[in-house]
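As structure tokens, the structure follows; a few thoughts come after it.
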């Protein structure tokens, strides 16, 4: 790595990269910044800085209050354990308690609450005073115009409800500072010898250390996350509550990095002690630290970097000022001339700016669309019920990967057909292969079929079916302008199509050899591909007729996604079904809690659909298959009101996911894969996949589908060595299709003992199911 | 115990006792009952009987359908593992499939679903057919007019999601039979050799036994309850879903009896095999069985008893009929003459009727009021904000126990005062003891003060304060008519009272020696006794002034109460705060999940209030105590918008409850105790208590307070050896008081390992808090 000094920002190309906002925090700062000091910090390359809200005078006043209170109680001979005795009340701030206040920069200063308060204390008086101080500071910072306030996190993570007490105080703080972001400063994990150094109120007043860091013991790297989880849970996943994550000296395992990745990171705080010196003596970060930071900076709204105790501190500033402005007269002269003092860039900032320039640029895909869709929730399309608009089709058509795979599949099918010398549906009339594109939209698949026919030298008779009368107009135009009238365009719902009539033999109804459709949703079958194909497959020739796609599978994985949970929680009043809707979303800030172990992969197949089905759809069953009428509906299906006609398209799965570390889940991520065509020869099938661990191999850069997300109404906490058992159903009542899901948690607590530790409700999307 | 034959119902006294409704179930019944047969059963002493919905013809049809389906699939060479293949659909019922239908008795016949269906099966075809049969039967029974339908429970409780599949089918069944009670037949526990005997569909078609009872292993007596819990959870605690509980041969431990006690029991099913023969050869039940049944029969709506396979069966009936009606002519003659055939009472019924007569009669309290209040939810009174009505006062006054304790406390205080020769507030003027009843209502405590003064020979000056102007009128009348004008009645909020002015010395304001109030709620402080007493205690003489009550404590215990949870779930749409309201309710169908262990009792004290407080309320603090103004509000209290003036009345507790067996909780039961007066001598204090384990000792038969219930929004499941950690707060913002509560669950899974396994939300009653 080159030293920062050798790099020139102007020489860099202008490819878009993550933008690093850099803040300055000085843990020894005791008074708010003067305007001069703040300007000096900005001139050193920082974008913003933190400020304490109150000063040492206030701190001393609180300490004195507590001490004299105890003393006077003693003098009065009062029983301290009597809960009914009034405790001390911290009176409101005066101008002696703070230098902070409304001013030019106040909105860009980040307020930092007094680190000496002890909201966790088991001493009710200490805890009460701490809450009062917190509320005084939050209220005053709100008044002054702060937009972001950092509260130092709890000092310890262990039990006795200390963290719950802390969390309850923060919850009230969100109400006291009702329009401000509250950011909890948490270490990534409790790294030994990296505890908060500021003395707590308990220590200041000489109480037995309610905030002792505790004896050193085996490090459990998840305790800090546990505390954060408790805090945000008690605060109901408030939208204004964030984390300032302290980067540790030693970068932890990926599983912990991934856990925090899903949390609402507002700042990454990086202390001077994290930096190394490079050979030239400049501060730099280890490769692991660089990678950690890089991974957290690729969000649409990446966290800001808050550098702690890297200077310039107040002393350095004073010295600097003394150099620059030897006299007041000169200083005011400099100001008058609007002369900007030339402050050298802070070396830590220089390094971070170098790091910024060395970030991997965003891909074209990222910048054009994907970034803006991170974790953004969409209702799934209902293409069967609604007519899509041209712009929607255009988005779909913009994915070359998908259509290339389709063309490849069609071409392979045509070659197979020829090589195997199969009879076509048309044999006896002419030998053209009959191809139908059902649900042709604006025709991208029609184009690909024509290309495949040309490239393979196959003569075909091509039908394009479309139910959307608006797209139909477009198809007619395409046929004239682009396809040389080679296509028979039919305006019909594919389920009501009469089949390909042989030209010149109008009384004969022929069959289709290759049926091409693109009806798949993010979960495969969720846009009713099975029901639609049921309705047309009677026109497929037997026994050789081919459906492209030939099969598709749905896949699941449980995930933690606190941001989406918070989003849904805020919607549920207006959208009561928000937690029982499968949402299409580019899942990004998520944590896959399940680990891959033998027999239990991280992504597991829920079920499969394949086409054509060996027997036709149920109401054709008897006729086509010659079976007895006793199998035929009407009967009573599995669901209320159904006759069982679509029961063969129900599915059920029971999957077990293994979670070695404790955590929480907010729902299930859903994906699909599809075999578009599997050559008869057993050669490699043509596939598409949106599975995170398969997409690069099977259909790299395909962007037509985001994953689907099945939420849980309540976050589900689970201990280490838990197996999450997911039951999911695809249900139907002959008029619509919906999903149901339930999760149970079982923890292994010994080689033979597995305890049930939790259960979700049964969730159902029946209310928002897909009609057909 | 006398043999049933020797008892005569008519000779019994007419004290009200639980009423036993007795039903008849015949597990070999294959057809619905004829009218004659049903009449015969009723004549044998039963109140109702069960009937199958479909017959053997239908069962055979279903078995044949499945078998021929498999066979034909095989003939067609279809891949059975292909999920896309349509499965068999059971066509609708015909008149060959059932003899059951609309008729005279149908509403009083309990429909019993086919026991051979296997909703748990992991074979999707078997499970699907079973669901179809269930839906056909439920739909038909609904049509026919059934009011109650029993579904045989799952055959096994073990995992692989079998019970979840069963539960999902029942959930749909509730929709198919949309106005009918569905009752799941569950064994109390899986008693070896007491499995369901009916063959399942899987067995009938020769499939590997998906419903095998499994190899005999160590009995876990909670597995059956687990299954029920899963079923009702998946069914969202539906109000129409009940249990028919099969009484086992061997009565299990109390902890399991208590678990089922809290569940919605609709039937207790008692098989012939449970009965013993008494010396006279008649059937009878063991003492344990009698006690078990007795405990379940004291509900306001007790379950019915369903006797299984105790005759008269169809054969017996036929024989009987043959005896009674040797010819059709005679039979019709008998009918014409409205001659009721004399059928001997079934001996099992005789025994049950004997048992009924030997039940302990309801107490007067039970019959007058308590029975009707079982688990009925009331919002707590807000006597401070609302003026009570005379009838409400009258109810309160109807509790002699409470007022006797008050009188005792007042008398003891008066005696103490005299024996200790304490100066009265009036000394120097006259030596009358000044007594004030604050919040006098209609005057019951005034009466008791006068009685205590008389019985102890104390001369007093008595003040009665009342803010309710309507009750004030009543008090004035009482003073003239009953109290001989001995009382000075003042219309005032006690917090605004000017104090007792000495008669004839109008400029002097005296003090109160004994202040008597009855401001306690079910949780002690929940009707704002602390805040009210704060507002009046400056009138109490110092240092000897006495408050009656002198202190009170709040107590908690976590409970399972599925019926109340279901009730709240049904209210939550109209009452969004239903799950964040502390409800006053006569908790009855509950299960205390916490066991008493050293250091962790079942009922634990949350906090205490004592009066008078050593220092007066905060805004009097500086003046009275001579302390520096720095302790004095205004400041910022712990809560948004507060100035800390009432912060000394906040409370916090963190309690740990121990649960050795796994289970579920739906909330926290709250109670209070109060020391009305603790004699100076250290003699036994005068107390009242509503704690279940203390009330009989401290204030037996006191009925003024029901417990309070703090709900949880979601039932919280926990494994064995769990510690439930409850954090609770009494919060205030100077304008109102509310509670907050959160529960965390930690399981011990080894001598040193304690895992967090669950957590509730933080619940708050802020929205429904008590204003003051």
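Any Cβ shown, glycine's included, is placed from N, Cα and C.
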Among A:419, A:466, TrEMBL assigns to the S-adenosyl-L-methionine site of A:393, A:402, A:403, A:493, A:494 just A:466
Residue A:493 (S-adenosyl-L-methionine binding site) to residue A:518 (active site, proton donor/acceptor), Cα to Cα, whole Å, comes out at 14
Between the C-alpha atoms of residue A:396 (site 'Critical for specifying symmetric addition of methyl groups') and residue A:527 (active site, proton donor/acceptor), the distance in angstrom, to the nearest integer, is 15
Residue A:393 (S-adenosyl-L-methionine binding site) and residue A:527 (active site, proton donor/acceptor), compared by Cα position, are separated in whole Å by 15
Sequence-ordered list of residues in the chain of residue A:527 (active site, proton donor/acceptor) that lie 6 or more positions away and have a Cβ within less than 8 Å of its Cβ, or none, is A:380, A:381, A:382, A:383, A:384, A:519, A:520, A:521, A:770
Ranked by how many other Cβ atoms lie within 10 Å of their Cβ, the recorded positions A:466, A:493, A:518 are led by A:466
Listed in sequence order, the residues of the same chain lying six or more positions from residue A:402 (S-adenosyl-L-methionine binding site) whose CB sits under 8 Å from its CB are A:518, A:688, A:699, A:702, A:704
Same-chain residues at least 6 positions away from residue A:403 (S-adenosyl-L-methionine binding site) with a Cβ under 8 Å from its Cβ, in sequence order, are A:397, A:444, A:445, A:448
One finds that other Cβ atoms within 10 Å of the Cβ of residue A:396 (site 'Critical for specifying symmetric addition of methyl groups') number exactly 18
Ranked by how many other Cβ atoms lie within 10 Å of their Cβ, the binding-site residues A:393, A:494 are led by A:494
